[in-house]
């Protein structure tokens, strides 16, 4: 015993010295970092304490019990002998409810374990009404802290004791030693079962034991502390057994009113010196004051916690127990004035029923919910429950109808399905800085990949279509397959990527619905459908059969709607997920693949967008397949399109990794029941009215008119409403619609677009005047006519538009109004030239993407090949680009730089290069898909961060100690920087991430957590006043910095060559489209009023068929050649002098501007750009759109000569 006291005194002296030197108590890490002599003392202290406890109760009980027996206080008028607990109470029965109070548990504990050592009567019980328990479990414990010993262990093995003089050894010590010998001779298993039954009340899972200490469950007096058991002056086991459960009440306690949930901080351990110091605050310690420290675990030693017991009792879980947080606070209020908390009566389980006292009348006093307020509250509760159905989240505050452990409404806390290990983890640890999201149902562990449903034959052939496929076909509402559907479905079910080209209305959607249904039947999985338009997604979701559950994710959804959809996806309640390419590629669209069910296959609807829309319009299409393979682990793709030439099909097949097959195409691109006609009228508006009033179109009740510009849709719709309302006579089988014509374009709000489309689908609208945004995915079979006011941009667009008519097989009419002088062709050329750029702008972009660095580290060749700037297999490119890439696909040099994360602010880059954002992103995608893999394009992010501290520089420096990114940012600033002593700091997020080597999301999360802190006593989350702002959206990429000048020139040539090739192809496509329609056009619409011309219609269908069947390399060039100018253009020689004069005048009017030759040509053609917008330069009609009839490239040449002349 002397050795134990000596070791304890030496450890206390070391801890006091540590506290004086460091200003804080030593932690577990400090003990581990202490000298070997100190650590040896801690180990010896632990060993001596364990040996003493096993020998018969320890030093505390062997010395204090004789003093309690021999030095009993004399009876006085007032004293502890008058307490109610001093009277003998009947012993509790073994079958007492678990919901007894803490004193009741102490009574049973003493009766079983220390029955022979009792020095006083047992404690009595007093009925006490139960209060409401805490409705929120504690937060998870951070890593690195050891488990906290349970209260049952402390009471049973090492009971604490009040400071008292050490008595002399007496007879009671010998009785205790003999008792330990007798207990040692018994069966250990029987003893363990006896011990485990007694602390069963506290051995339940922590999540099922609400914290003791709420205002509703304790009787507290301000300024005093409450202890369970006898008074502070009593001696014996009663005082020692419950000394640790005293509660400090001097500070405000957390309340449960107003939706606030109680939380408590925990102390991981307390050293002997800490307990002695806290217990001696009320007065000078006595001789045995250090005895309390013997029972505490030394810092640095792990404590073994009891395994949690399952909460199997079906009774109400809101009983009063002792939580770990209450144990951590035990002993901190020792020495303060006592306030008794009386034991409480166990509550019988009545389920959800509450007994009402009907004998006493109660009246409402004060504010109450009556009439209007009561109805408003009921209305809020109703819509809160419906929030999930409309995309919103559930109630923000846990209500009494839900489980207070996981806030679910399908069970109570007693039947909570959460595992015991998770409950124990959630009940320990500090409050997180950022509130955690609402718990979602856990997805069962699934395989990362989905195996094909059917295997291939020995020679790679498809298996015969089994019966279950036809059964699923009937379940979807179809009796048989249409041409091309069965083979495509079997290929997907066999795991083979497929490109399916079918006419519009031929049932392409079934080819992904049927495989998705069969895959989901076998195992929980997900089918991704990438769709280009929101209206198309809405139409497809509404048209799905009931057996398929579908959901959408797009940019028009709110955050609550997106979270609701993601929660259903994680719970495997969605079979088909439709999303836009921007939602798939962009940041925040989908969670990581590990949090989602495995993807069976991915369907690219309107797959021709991969080839046509991906360049300078929607560059995300260029990265769709790459993201699906690398991020989502997709191996099987299905491409669906109705308009794809051989060239387009080959390009799409390359993206989808589909082997080329001779039967990629289905039937003819234009159905036989469509009657085509073309006319060239000078007054298009009057010709349209004449055609609609003619015999051929007069009785048609569903017509779609397509225009190239939004302004034309509004104007033509107003014209038709004025002129055709009284002239139109409905057909024999239909009734007159409510409205004659309405406009539809992308500039309208979504509600208005849905209204127009719904009216047209229901037959209440006869004519829709729209742009190409209308009709994609339209499922109305009886569209009788499709008209075009102007030249379509391509054959593919025309075929797709006319394919929306006559899907029911009945005759339908299609007419095209062509401008005789090629005015519409000029407008389409403007869009082509708007996407082109100069070589100088490309070179500036390359310099910004590949800045020089000073990397000196090398990497092994195996890592270099897969990193940025390494090599990878060369994909197949079109013939025009294959020759250009052939000399660039040679193996590059070994890279020294492994790549740096860089950010290009979008707005600044757009202004510096005078290029649209889509054009810049397209060039970056070209570099990412290059065989040399020049860079890795990441999701766009906000790069500029500003952090403002209201507490001044002192608070900023204090935050740097807890936030490593902020510390690195302050360390990188120059000492002479005047902002060093300010209360705010601004920095580049991406540069900071690149210098630290962290992930961008981790740095952003660490900076956002600086805005929140915890109240040190209650753990309630509170704001710190720190403001963290992110701004300046930027392209985020990773590129090497050690490229040579030759490599940069090679990249510039590659990018500029791709831009010129795309421009030539687009101009050639326009030229060929105009020539084809011009060859079959009538001079006016007169011959088309009564009946169609079958001969010209057949000729046009043959031209379209040959265009779609052409092989690669047969497409002619599109730039001006020696034969003459393009259609619709004048000769430059006739206008050269006037053009030069106008260029000089334009430059002289704006001498402060630094124009390029392309900028001057754009203004003369009426093409706006970021640096020269149409809103500013379009006001000067002397130059804007003046030379639209001349060649754009000819204007660029003349402007270059004049700029050089001015520079001289």
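Cβ atoms here come from the backbone N, Cα and C positions, even for glycine.
As annotated by Swiss-Prot, region 'Disordered' applies to 17-180 (among others).
For 27 (among others), the entry in Swiss-Prot reads phosphoserine. Of all Cβ atoms in the shown protein chains, 15 besides its own fall within 10 Å of the Cβ of residue 27 (phosphoserine).
What Swiss-Prot lists as compositional bias 'Basic and acidic residues' is 36-47. Look at the compositional bias 'Basic and acidic residues' (36-47): DSSP puts its residues at 12 helix, 0 strand, 0 coil.
Residues or ranges marked as compositional bias 'Low complexity' by Swiss-Prot: 61-70.
Sequence annotations record features per position, and here Swiss-Prot assigns phosphoserine to 178 (among others).
If you look up Swiss-Prot, you'll see 180 (among others) marked as phosphoserine.
Annotation source Swiss-Prot lists region 'Disordered' at 201-333 (among others).
Taken from Swiss-Prot, the feature domain 'Helicase ATP-binding' applies to 489-662.
There are 19 other CB atoms within 10 A of the CB of residue 509 (ATP binding site), with all protein chains counted. Under the heading ATP binding site, Swiss-Prot lists 502, 503, 504, 505, 506, 507, 508, 509.
DSSP states for the motif 'DEAH box' (605-608), grouped as helix (H, G, I), strand (E, B) and coil, give 0 helix, 1 strand, 3 coil. Per Swiss-Prot, the feature motif 'DEAH box' maps to 605-608.
Annotation source Swiss-Prot lists region 'Disordered' at 860-888 (among others).
Annotated region 'Disordered' per Swiss-Prot: 1111-1130 (among others), in sequence order.
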Lowest local Cβ density among 503, 505, 507, which the record lists as binding-site residues, within 10 Å: 507
For residue 27 (phosphoserine), the three-state class that DSSP assigns: coil
Separation of alpha carbons, residue 27 (phosphoserine) and residue 503 (ATP binding site) (Å): 74
Residues that sit under 8 angstroms from residue 508 (ATP binding site) by C-beta distance, when 6+ apart in the chain: 500, 502, 605, 640, 642
Local Cβ density at residue 506 (ATP binding site) - other Cβ atoms counted within 10 Å: 21
Rounded Cα separation (Å) that holds between residue 505 (ATP binding site) and residue 27 (phosphoserine): 73
Residues flanking the ATP site, with Cβ no more than 8 Å from the Cβ centroid of 502, 503, 504, 505, 506, 507, 508, 509 and excluding those residues themselves: 482, 642
Neighbouring C-beta atoms (10 Å sphere around the C-beta of residue 502 (ATP binding site)): 20
Averaged pLDDT score, the domain 'Helicase ATP-binding' (489-662): 87
Between residue 27 (phosphoserine) and residue 507 (ATP binding site): CA-CA distance (Å): 70
Residue pair residue 504 (ATP binding site), residue 27 (phosphoserine) - Cα distance, angstrom, rounded: 72
